[in-house]
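In TrEMBL this protein carries:
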type    : residues               : note
BINDING : B:C80, B:C83, B:H84    : heme c 1 binding site
BINDING : B:C225, B:C228, B:H229 : heme c 2 binding site
DOMAIN  : B:212-338              : domain 'Cytochrome c'
SIGNAL  : B:1-20                 : signal peptide
Amino acid sequence: MTFRTLSAYSFALLLGAATLSACDDDTEKPATGTLNVELENVVGSQPLTLGQSYSTLAGDQITVSKFNYIISNIKLTRDNGTVWAEPESYHLVKQAETASRSFAIKDIPTGYYTKLTFTIGVDSARNTAGAQTGALAPDNDMYWSWNSGYIFLKLEGTSPQSSNGQIVYHVGGFRTPYNTIRTVSPALPAGTASLAISKDKTPQLHLKADVQKIFTGPTTIRLSQLSATSHMPDAKSVQLANNYAAGLFSIDHIHTGE
Amino acid sequence: MQGLRIAPLLAAALAGLFVAACRPDADVQPPEAVPGSVLPANFPAPVYGPEQNPPDRATFELGRSLFYDPVLSRDGTVSCGSCHQQAVAFAHEGRALSPGVQGRLGTRNSPALQNLRWRRTLLWDGGVANLEVLPLAPITNPLEMDETLPHVLDKLNASPEYRRRFQQIYGSTPINSQQLLRALAQFTAGFTSADSRYDHYVRGEAGGTLDAAELRGLTVFRAQCASCHATDLFTDETYRNNGLDRRFPLDSGRAGITNRPGERGLFKVPSLRNVALTAPYMHDGRFQTLAQVLDHYDHGVVESSTLDAQLRRPDGTLGIPLTAQQRADLQAFLHTLTDPALLSNPQLAPPK
């Protein structure tokens with residue numbers, strides 16, 4: 001049966017049936033699909049390996065011992081402009097924990113999506129909410145307890161250019177003037193018009209996070225000048241956040257999936 | 001309970017039924033409401049309402065055990081109850097600063113813990129925004145309990161008794177941080193103080209009489225103090241500088257949280273309930289008596305750029321002038337805020 005052969009009368013009936021079934025959530029659910037997200041932390045063109053030495057674009061030497069961040073409130077915008085938001089969208093990524101570097105986003109309505117948006121950090125509502133579990137549990141090494149709230153990004157390591165040899169960047173804070181919540185929309189890879197979500201194929205979106213981009217952007221960061229944030233929101237954290245909002249994440253490629 | 005209204009706590013009632021259904025000894029439990037499930041009629045709407053963590057007997061009792069258990073500290077010597085003692089409204093009796101593990105002294109005075117459901121922010125500087133996550137501050141503070149959350153959870157999970165009690169309530173193992181924090185919050189949210197003689201007076205209840213001096217004190221209080229120590233909670237929940245210091249080199253108060261220079265020297269306006277018992281006073285416990293506090297407001301207020309405008313007088317002098325009579329009356333009034341129901345409720349005492 002095709003629409004071409006339907007009379008106006010039966011078309012109206014069909015519409016009625018569609019309306020009826022929409023009221024009954026057990027039957028026809030809208031078709032949905034899954035997107036796998038894979039995060040690869042890199043330093044410029046090289047993969048990030050903890051304990052290995054790299055150099056920043058400004059020429060400082062850095063060795064990373066810890067690199068963690070929280071991605072939240074993932075949204076996908078469709079080619080028709082509608083926006084789908086992942087419910088309970090909080091993902092903690094730790095370089096030291098392989099499993100944390102990939103996750104699946106489920107129940108996305110099928111369709112063609114042209115934009116990915118997410119927050120680096122945690123919205124202020126959850127920063128002031130009660131005890132959380134999962135990615136936001138306060139025992140994940142990403143929480144300040146006396147000035148309470150989440151640490152959005154942690155970079156720790158060593159550098160010969162740092163006055164005490166250490167790098168300790170703990171970026172967080174959700175109150176003005178030291179609000180470091182940043183929302184980004186990295187572009188789809190050149191030549192990719194959209195991301196197709198379908199019932200039978202699970203595409204894989206490969207995000208890269210380039211540690212070098214923490215040190216460049218609106219402010220060039222030299223380890224001799226800024227090797228540590230205070231363990232609370234401050235002006236230095238805002239500089240770091242502005243840098244990493246400008247370019248930490250890029251969508252490297254998308255596998256269409258099988 | 002006359003004059004108090006029972007909040008329409010469907011969820012709490014359901015939780016209660018559920019517990020009753022699976023505990024054979026439920027019918028021998030005392031019939032009184034779980035502390036924290038009743039909201040006083042003369043209070044504003046709570047911030048951490050009972051619906052956010054519906055009070056039930058088993059969870060409340062678990063929170064009580066945890067509050068009084070030194071297992072939360074690194075060396076097993078300090079419990080929440082070490083610094084927060086019921087007989088003095090959960091302040092620390094006679095201590096300007098409280099010792100934590102190995103006798104390490106903290107930097108601020110232990111405040112009374114009362115009506116925590118109504119606090120918009122906690123601590124003298126408002127650094128913590130939610131009652132549930134407050135315990136993380138003392139647990140991890142090196143000067144207080146000097147512990148880590150994962151280690152506390154390891155210790156609790158190693159205890160068959162705690163494992164059993166948590167599992168009975170939350171239905172899952174192992175014990176996680178959310179369960180620990182919500183159980184503690186259920187106990188601390190039960191520290192309601194609303195049964196002082198003053199409360200009976202404002203609610204027009206039996207026993208609610210104030211004598212002449214107390215009534216004169218109330219009038220002075222409403223005129224001179226209630227702009228900051230506002231509502232029947234006796235705080236407007238803001239941060240202010242009441243003129244204790246000219247400079248704030250050691251403790252900048254609210255500015256330590258917000259990093260804003262204009263907030264240096266601002267501290268949370270404390271509630272004055274049970275204030276006759278919570279000496280010493282102020283964020284660092286500098287005053288021993290209420291008389292000293294009133295002397296401060298009368299002639300001790302000092303200049304600084306963030307001094308509250310209400311403590312500046314049109315003629316350029318500072319403070320709140322109080323005659324000897326007014327001071328005596330104010331003291332008499334402040335004593336009517338003592339609430340024996342909080343101080344001696346056996347349900348809030350260390351478990352047997």
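The backbone N, Cα and C atoms fix where each Cβ goes, glycine too.
Unlike curated records, TrEMBL annotations are generated automatically.
These figures come from a predicted structure and were not determined experimentally.
The structure, with features from TrEMBL marked on it.
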| residue | record | CB count, 10 Å |
| --- | --- | --- |
| B:C80 | heme c 1 binding site | 24 |
| B:C83 | heme c 1 binding site | 24 |
| B:H84 | heme c 1 binding site | 22 |
| B:C225 | heme c 2 binding site | 20 |
| B:C228 | heme c 2 binding site | 17 |
| B:H229 | heme c 2 binding site | 20 |
Nearest of the binding-site residues to B:C80 (heme c 1 binding site) by CA-CA distance, picking from B:C225, B:C228, B:H229?
B:H229
On a C-alpha basis, identify the one among B:C225, B:C228, B:H229 that is nearest to B:H84 (heme c 1 binding site); the candidates are the binding-site residues.
B:H229
Where B:C83 (heme c 1 binding site) falls in three-state DSSP terms
helix
Please report the distance from the Cα of B:H229 (heme c 2 binding site) to the Cα of B:C83 (heme c 1 binding site), rounded to the nearest angstrom.
24
Across the domain 'Cytochrome c' (B:212-338), DSSP labelling yields 49 helix, 10 strand, 68 coil
Residues within 8 Å of the B:C80, B:C83, B:H84 Cβ centre (excluding the heme c 1 site residues themselves):
B:F67, B:S79, B:G81, B:S82, B:Q85, B:F90, B:H92, B:S98, B:S110, B:L113, B:P138
Chain-mates of B:C225, B:C228, B:H229 with C-beta within 8 Å of site centroid, heme c 2
B:F221, B:Q224, B:A226, B:S227, B:A230, B:F234, B:T235, B:D236, B:V269, B:L272
C-alpha of B:C228 (heme c 2 binding site) to C-alpha of B:C83 (heme c 1 binding site): distance in Å?
26
Model confidence over the domain 'Cytochrome c' (B:212-338), as mean pLDDT, sits at 97
